[in-house]
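As recorded in Swiss-Prot, the features of this protein are as follows:
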ACT_SITE  Tyr216  active site
BINDING   Glu35, Gly49, Arg108, Asp308, Ala321  FAD binding site
TRANSMEM  403-423  transmembrane segment
TRANSMEM  443-463  transmembrane segment
Amino acid sequence: MEQQSLKVVIVGGSIAGLTLAHCLHRANIDHVVLEKRAEIAPQEGASIGIWPNGARMLEQLGLYGELEKLTEPLNLMHIAFPDGFSFEDLLPTTINQRFGYPIIFLDRQKFLETLYRKYPDKSKIVTNTRVAEVQSSEKCARVITEDGTMYEGDIVVGADGVHSLVRREMWKLGDSKQPGSVPSREKTGMTVEYSCVYGISSPIVGLRAGESVNSYMDGMTVLTFHGKGGRVYWFLIQKLHQKYTYPNTPRYTVEDAERLCTDHRDTTIWKDIRIGHLWDNREVVSMTALEENLFAKWHFHRIGLMGDSIHKMTPNIGQGANSAIEDAAVFSSLLVHMMTSEGPGRPSSARIQRLLHDYQACRYERAEMIYHRSRFGARFQSRDDAVKLIVGRYVVPRIRNRLANISSMLIANGEIIQYLPFPKRSGPGWEKFRNKGEWMPYTPFALFSAILLVQHVVPLLGLTSPLLLAS
């Protein structure tokens, strides 16, 4: 593809930023990545789950094969409850068969290392560079760093995470150039109701590689994923006693993580596996507040946002990183389409603004669905109320064969990099489950739960109902 006279300045060198850099490189679009940290891939205890909707795009970029070598594909999941009952589900195997890609987990550090190592022009990734200001005019956009260096381009993309400086600068510019363009609720919309201890542990007897455990408790969820060599990636998610509004949210230390895990070390996760086993075998661990929000405004003038800076969700359904990859795919696809359809030369400010508008329009509905699915998942898995407790314990085990269908609809409607060849690796699920609806959250949960309770729980109690009699 012929080089075009356009440049993108990407702020943030994590999942969204590095994926976008790969996308732009493949399209011969000039760009630079500015990362505030001294190294691209620090080890902080985080892991990343790649589902088929993310894997397919990474395959297009020539990255997936390297990542897959580092993992053990999931094939079985166990769902456990505090009363000792548990059941197993072949959802991971079914997903692999349907889409041609397994669900995989690996160190976030290894994921970022791979993206960085496979990127061909390291001079375009500038580390140890903190952004101080973002400017946008009719002619260009500028990023000014704390040391006074200026980076100029046609578009600035904020891929700098939940605490995004680019988002704050975008708000400031919006308030200055077009008062009222940034709704006041945008600045107070992000909240915290859960904390999360996340870690990586050495192998634990009883936790088999290629399997996972979802342990649903009252006010707490423990998720474990067992990767290559039995390496255990885990999350301990706890409901907080109050709701916090960003930026006035809790900050946690490793000592806080130790205190929480020590208090619950004898809590059973599954069979004879306890929280203490995760803690005692830990290699690295961290604790954080889990911010949640779907921002309504993703762009202003020549500035656009992606990843956690616009849709921050809990890790319960494992789609945060995959959603960031989808953002990069859609943004770069629209950019390539704009440049090929309009010919060489720098696009006008108005054209850039239309591009960013189209980007949000293409992504928002799906991002909203995934955000609400994640939000629901956090509350469902922690048994947030009596209905969720009953449905989780007594209904879900009876409809386990449908769980893969719910996930399949989410996967099949995933994005793709439009200007790169579709992967040969595939499966029947992409076509079968595409545009089949997204189940939740558009069915009101109260109604959905009532139907499930009547259909599945009432018979267990030896009762009858008009709905059952009618069926």
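Start at 1 and count along the chain as shown; that gives each residue its number.
Backbone N, Cα and C atoms are what each Cβ position is placed from, and that goes for glycine too.
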Cβ contacts under 8 Å made by the transmembrane segment (403-423) with residues that lie 6+ beyond its boundaries:
1, 23, 26-27, 51-54, 56-57, 59-61, 89-91, 94-95, 98-99, 319, 322, 326, 329-330, 332-333, 336-337, 363, 366, 369-370, 373, 396, 429-440
Calculate the distance in Å between the alpha carbons (Cα) of Gly49 (FAD binding site) and the residue listed as 'active site', and round it to a whole number.
19
Validating a neighbour-count step here. Other CB atoms within 10 A of the CB of Asp308 (FAD binding site): how many?
24
Sorry to bug you, but what's the C-alpha spacing from Tyr216 (active site) to Arg108 (FAD binding site), rounded to the closest Å?
25
How many whole Å apart are the CA atoms of the residue listed as 'active site' and Ala321 (FAD binding site)?
23
Could you check what DSSP calls Glu35 (FAD binding site) once collapsed to helix, strand or coil?
coil
For Glu35 (FAD binding site): intrachain residues, at least 6 apart, with Cβ closer than 8 Å
Gly12, Gly13, Ser14, Gly17, Ile125, Val126, Thr127, Asn128, Thr129
Starting from the Cβ of Gly49 (FAD binding site), draw a 10 Å sphere and report how many other Cβ atoms land inside it.
23
For the residue listed as 'active site', name the DSSP secondary structure in the helix/strand/coil scheme.
strand
